[in-house]
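For reference, TrEMBL has these:
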type     : residues                              : note
BINDING  : C9, G10, L11, G12, T13, V14, G15, G16 : NADP(+) binding site
BINDING  : K103                                  : NADPH binding site
BINDING  : E188                                  : L-homoserine binding site
ACT_SITE : K203                                  : active site, proton donor
DOMAIN   : 353-430                               : domain 'ACT'
Amino acid sequence: MKPVKVGICGLGTVGGGTFNVLERNAEEIARRAGRGIEVAQIATRQPNPKCNTGATPITADIFDVVNNPDIDIVVELIGGYTLAKELVLKAIDNGKHVVTANKALIAVHGNEIFAKAREKGVIVAFEASVAGGIPVIKAIREGLAGNHINWLAGIINGTGNFILTEMREKGRTFDDVLKEAQALGYAEADPTFDVEGIDAAHKLTILASIAFGIPLQFDKAYTEGITQLTTADVNYAEALGYRIKHLGVARRTDAGIELRVHPTLIPADRLIANVNGVMNAVMVNGDAVGSTLYYGAGAGMEPTASAVVADLVDVARALTTDPNNRVPHLAFQPDSLSDHPILPISACESAYYLRIQAKDRPGVLAQVATILSERGINIESIMQKEVEEQDGLVPVILVTHRVIEQRIDDAIAALEALDDVVDKVVRIRVEQLN
Ligand code: HSE
């Protein structure tokens, strides 16, 4: 059978990795796909020194690839929203299948892109868009297809996890570690996407859609980054038996779906609490299977290429199949998507870590306990540290039982209004993940 012809748009970290993996493993890939997968054209403005592209035709214009009649599958690895969207829609219009690693594009414009792809009978595959080399989309969409998924929670930004790990283990500064992540090719072009949780929210949006059968709704995800975390809270969390991880959580409740990204205290003995460096991990809980855990490199040249190439093999295998009987893009048949609403963060339920900076006076703890009990908030553990020499304040740290966030918002407002409480109350959500 004739080889499938692929055009790679973007020869950066992931594009370069994809080219190299396709070349190096060509023989095994052909044995799996049933035919060769050949890179017939590359669009890039500059060569990648890590790739020996040999005689492969190279153009500086991505639309040369999209309009090339010989190309069967366009691999979109340029990133961003605007040009990437134009590229993907044009490729679909031209009847080409698309493989992309672009989580921002899928999370924000996926509903439109998939509708167009269905109309044209082509596949848009996006395994590499979430958690780099971990085949978690395939696992949820296909491997867990018999389940009612209850919740999922994941460390889905390698850069953020790398920064938190280096800060905790080596006492390095935030900026120093971020620079290293950028040099290693983990960080987004705009690294605020990593540290402010936007990248993780893109990925969570995609995972929630395929887990619960809902349209992509990035604009409704609650997003909080890691820039406000302090070493003090990292250390207090450890003393209470927890680790702080930047987590994406999607949970189905009767009232709606929780879709939230934020720093989270996790019991230190959970496997996922021990996922360090650039590694990612996603826990998925289904009614039949129980809890499952998927772990691996969440970013980087060849780990992400591994997912891109797996998608290419999938598309190559599906080329001759009936477009109406393929695995649906978002796991559920498009006319069977649910309109179960996404909950605002104030209606989400979690346990909470609170750190209150109080004056060292009698009765402060009693006032704190009263404010919480009046709002039905049950305290699980409480720790009062010695007076801090520099300001004479006493850090009061407590962990609550699970409660709707609105009640914690009210309690924090009341605590901050106390004469004996100084500064903002620090609030970090706590998940047991059991
Ligand atoms: N910037 C992303 C991360 C790359 O650090 O996880 C992979 O999506």
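Including glycine, each Cβ sits where the backbone N, Cα and C put it.
Annotated features, which come from TrEMBL, shown on the structure.
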residue: C9; record: NADP(+) binding site; contacts (Cβ under 8 Å, 6+ apart): G15, I42, A43, I62, V65, V66, V74, V75, E76, L77, I78, L87
residue: L11; record: NADP(+) binding site; contacts (Cβ under 8 Å, 6+ apart): F19, I42, A43, T44, Q46, P47, N48, C51, T53, L77
residue: G12; record: NADP(+) binding site; contacts (Cβ under 8 Å, 6+ apart): T44, N48, L77, G185
residue: T13; record: NADP(+) binding site; contacts (Cβ under 8 Å, 6+ apart): G185, G300, M301, T304
residue: V14; record: NADP(+) binding site; contacts (Cβ under 8 Å, 6+ apart): L77, A101, A128, M301, T304, A305, V308
residue: G16; record: NADP(+) binding site; contacts (Cβ under 8 Å, 6+ apart): N48, K50, C51, M301
residue: K103; record: NADPH binding site; contacts (Cβ under 8 Å, 6+ apart): F126, S129, V130, D199, H202, K203, I206
residue: E188; record: L-homoserine binding site; contacts (Cβ under 8 Å, 6+ apart): G79, T159, D194, D199
Entries of C9, G10, L11, E188, K203 (recorded positions) sitting next to ligand 1, with Cβ under 6 Å as the cut-off: E188
Helix, strand and coil counts within the domain 'ACT' (353-430) (DSSP): 23 helix, 33 strand, 22 coil
Conformational class of the residue listed as 'active site, proton donor' under the three-state DSSP mapping: helix
Where T13 (NADP(+) binding site) sits in the secondary structure, as DSSP reduces it to three classes: helix
Confidence summary (mean pLDDT) of the domain 'ACT' (353-430): 94
Cβ-centroid neighbours of NADP(+) site C9, G10, L11, G12, T13, V14, G15, G16, 8 Å, sequence order: I8, G17, T18, F19, T44, N48, L77, I78
Distant-in-sequence Cβ neighbours of G10 (NADP(+) binding site), under 8 Å, six or more positions away: A43, T44, I62, V75, E76, L77, I78, G79
For the residue listed as 'active site, proton donor', the number of other Cβ atoms found within 10 Å of its own Cβ: 28
